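Let me begin by presenting the structure, written as structure tokens, before commenting on it.
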């Protein structure tokens, strides 16, 4: 009995620690990109997946202690997909006491009518969904639209564009919408997917399956996701370093003439970002930039014998 109680205490401690890390990540992203301002009305797009549930939970948590006042309204788009459990989200949100709106639009029927059987429906579905959410944001008087994309999504998008699109373009933590009328924010931009997965499981969110439409998954994105997961296992810190690289772009050492005036370089020009090292190799730090080991790993390191010093 005591062992079970201890296990429960340990689990609670781990959940609290995980929530603090997610809170810190979200808080830093909000501060770095000025995502939320005094008086903002944030439309939280809730799909019923782990990411959007976590985003809503952390934003609600931050709302209680934030130095500014802002409101949240959760919005779900019921696309009339077969088997969609309509009761789950209203019941969950009413239990929380969160203001919400369920938007009912038969985009599933439109997509099935327009797209031939066997072809991917994601592109058209995404455009329809985006338009409906923009309209809803206007109707609700929302000043920001919050989406649940996390750090792994952002990196996947970068590699997708590099491998298949021939451009270095990721997923912005904050940007104006393509219709020029709304500010879109991604509060989970600094959060790791594995942290979100663990938090979602611990909280027992009522997850709604994402494949109800029957569409095939994006195979290119899946390949990239698998590659990044493999790197994360084999080379701890690589994911953090790559994300850090997205925040430390050096245009003078790339090849985009629109970002840097290469043609304007003449004798007497100033040295930019260390200049050209010619045949010298750039110093690379031994420890991956932007990476810190898990607390558990750090504690294990403290317990290990330093075999070099043992006489």
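Every residue, even glycine, has its Cβ placed from backbone N, Cα and C.
In Swiss-Prot this protein carries:
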MOTIF     47-52  motif 'PP-loop motif'
BINDING   122, 125, 213  [4Fe-4S] cluster binding site
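Sequence-remote contacts of a segment are chain residues at least 6 beyond its ends whose Cβ falls under 8 Å from one of its Cβ atoms, and for the motif 'PP-loop motif' (47-52) they are 76, 88-89, 148-150, 188, 196-197, 200, 205-208, 210. Highest local Cβ density among the binding-site residues 122, 125 belongs to 125, counted as other Cβ atoms within 10 Å over all protein chains shown.
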